[in-house]
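Engineer: The active site, proton donor annotation in TrEMBL covers Glu60. Marked as Zn(2+) binding site by TrEMBL: His58, Cys88, Cys91. The feature domain 'CMP/dCMP-type deaminase' is assigned by TrEMBL to 6-118.
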Amino acid sequence: MTDPIAAYEAAMRLALAEARGAGEAGDVPVGAVVLDASGAVIGRGRNDRERTADPTGHAEIVAMREAASALGAWRLSGCTLVVTLEPCTMCAGAAVQARLDRIVYGAVDPKAGAVGSLWDVVRDRRLNHRPEVVAEVLADECGAVLTEFFTRRRVG
Ligand SMILES: [Zn+2]
């Protein structure tokens, strides 16, 4: 039997690689992948707001778009979104709209998190569809990528 947390850790490492790529390109380092029901990666995304001048260019949105395009359907039922930082209101809303089964995130975002911190957009009892949430997978590593980025930016 596969350990689900170990499986999420492997996916989180892929998301971390996306995050580092975003940081190297000058964007805030957040990365995401979408897994299908079998655990295969069907979407990858990194924050590309600066590069694309797109306010919706968050890692989760980019990864969900790629996953939906791979499936040929907007509905991502059975899929899991794995992201290095707790999603914001926009991305949490998009995850609900996409009917994702599960959101797995790394670092908690106390300033803007919408999956349990500042808001809990995905587990509002008034919603019909509420994705399962697995928080703080490789949280320290995910947080460190962000801290390093902002420290370097302040120094540089
Ligand atoms: Zn977002």
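The backbone N, Cα and C atoms fix where each Cβ goes, glycine too.
Unlike curated entries, TrEMBL annotations are predicted automatically.
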Engineer: How does the model score the domain 'CMP/dCMP-type deaminase' (6-118) in terms of mean pLDDT?
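Structural biologist: Over the domain 'CMP/dCMP-type deaminase' (6-118), the predicted model scores a mean pLDDT of 97.
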Engineer: What residues, ordered by sequence, lie under 8 A Cβ-to-Cβ from Glu60 (active site, proton donor) and sit at least six positions away in the same chain?
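Structural biologist: In sequence order, the residues whose Cβ lies under 8 Å from that of Glu60 (active site, proton donor) (at least 6 apart) are Ala32, Gly45, Leu81, Val83, Pro87, Cys91, Ala94, Ala95.
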Engineer: A 10 Å Cβ contact count, applied to the binding-site residues Cys88, Cys91: which residue has the minimum?
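Structural biologist: It is Cys88 that, of the binding-site residues Cys88, Cys91, has the fewest other Cβ atoms within 10 Å.
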Engineer: Around the Zn(2+) site (His58, Cys88, Cys91), what further same-chain residues have their C-beta within 8 angstroms of the site's C-beta centre?
Structural biologist: Ala59, Glu60, Ile61, Pro87, Thr89, Met90, Ala92, Ala94, Ala114
Engineer: Using DSSP, how many residues in the domain 'CMP/dCMP-type deaminase' (6-118) fall into helix, strand and coil?
Structural biologist: 45 helix, 24 strand, 44 coil
Engineer: Same-chain residues six or more away whose CB lies under 8 A from the CB of His58 (Zn(2+) binding site)?
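Structural biologist: Sequence-distant Cβ neighbours: Val30, Gly45, Asn47, Arg49, Pro87, Cys88, Met90, Cys91.
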